[in-house]
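To start, the structure under review is shown below, and the notes come after it.
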Amino acid sequence: MAGGAVVSTGAGKDYPGKLTLFVFFTCVVAATGGLIFGYDIGISGGVTSMDPFLRKFFPEVYRKKQMADKNNQYCKYDNQLLQTFTSSLYLAALVSSFFAATVTRVLGRKWSMFAGGLTFLIGAALNGAAENVAMLIVGRILLGVGVGFANQSVPVYLSEMAPARLRGMLNIGFQLMITIGILAAELINYGTAKIKAGWGWRVSLALAAVPAAIITLGSLFLPDTPNSLIDRGHPEAAERMLRRIRGSDVDVSEEYADLVAASEESKLVQHPWRNILRRKYRAQLTMAICIPFFQQLTGINVIMFYAPVLFDTLGFKSDASLMSAVITGLVNVFATLVSIFTVDRLGRRKLFLQGGAQMVVCQVVVGTLIAVKFGTSGIGDIPKGYAAVVVLFICMYVAGFAWSWGPLGWLVPSEIFPLEIRPAGQSINVSVNMLFTFVIAQAFLTMLCHMKFGLFYFFAGWVVIMTVFIALFLPETKNVPIEEMVLVWKSHWFWRRFIGDHDVHVGANHVSNNKLQP
């Protein structure tokens, strides 16, 4: 066993719990669901910057790219069909996340992961064999269904398996796997772009099957969470599983009783989608909408989706564009590791606020550097030393995101919902995230063409707004068991007005005295 820890909640209860090897390895396997999301984020920008890919599927963009030295650098990739290739995945993920909520609740978290991995695997095969744009788009839609299922189930699974004190660290494993997937994709793009025969893009797209196979096979060996087992009518199995994941020498009776109470209460809710609109859940609903909305308006996916395209737009050569994307991918991974080891010590709020401030400064600097060299005309070139400074500040921006809004944008929504609305809440979180990921992916190249360097100021302004929002409206949630989170909202200066005294409860003694309205 790994080192044990008593979970001090700060909210009135202490659940004893250890980080057992069993929990560690199950969380690692589950977190690999992030690989498929990360691989896709990293692969699309590199592939769309490859000339053989553009010649075959997007010849108009290829012609504009060849003439870019004499024309506006900002606009050479502006093409709605090219943007649809990237963005269609996220629209599919948005829709599928609602179906995933039902699968996650009725069949369990692991089968939702399995469905996501299998669908992604089929989509990867179709994309690798694509002969026309229609095949590409259909493949992307299947990839999106896989991402929707994985993103809906993995964060919930990790939050339910982890001891409260270590929930942040283990949950951020999902974001770490996303960053590893991005980095792997960028390295693969760098290698496949050198294939002289021109079919390197097929290798890049087809290798998405590797992370898909990992989560598909891995999910078959995952146990169900105690929360899911209780909710699906297997209380004895749930108690055995809770004892196994907390440690055989740990008294889990109090935590088990509270999980049973939460499940009994959740079963009184016949319409969770309607129930989540109730006044007492206003705080959770607001966070489930605002946090993923703000996460996308940090502008991070401008860098992650289109890094090679962006660097090529700034005048980098093809090799340099792909290598600069690899550098940002490395920064992304290492900064996420920083978050893993600090989130349960420093807390969620401090990381959100520090990361926000860092991103604002870097975006303003990058926008200014681009403005000085390209102005509004988009005509110019960028010296090597100047380019290095641009890459440096982009890397600092990526680091700020990677230890704040990147992991916390998934962690915080996954840990704030009570069981009775958890699948519905996580589906809202994923669908909002995918909706605005779709919007950014579909609109970015057009926005870059029209807003030019001002696009970076646009995103910086949004980061200021979201940082103020966090400072005012998000309470600290570290070390608090999920079933006790209501105490955190009740003590907050703003959200307490939405929560009546009869809504504040912790533990098994509550259910018999409180009947939820459907």
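Using the three backbone atoms N, Cα and C, a Cβ is placed for every residue, glycine included.
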Same-side membrane placement of I421 and F494 in Swiss-Prot: yes
Distal contacts, the transmembrane segment (323-343) - CB-CB under 8 A, six or more residues away: 42, 45-46, 168-169, 172-173, 175-176, 179-180, 182-183, 186-187, 189-190, 303-304, 307-308, 311, 316, 351, 391, 394-395, 398-404, 406-408, 411, 478
Stretch-level contact, the transmembrane segment (118-138) and the transmembrane segment (203-223), CB cutoff 8 A, at least 3 pairs: yes
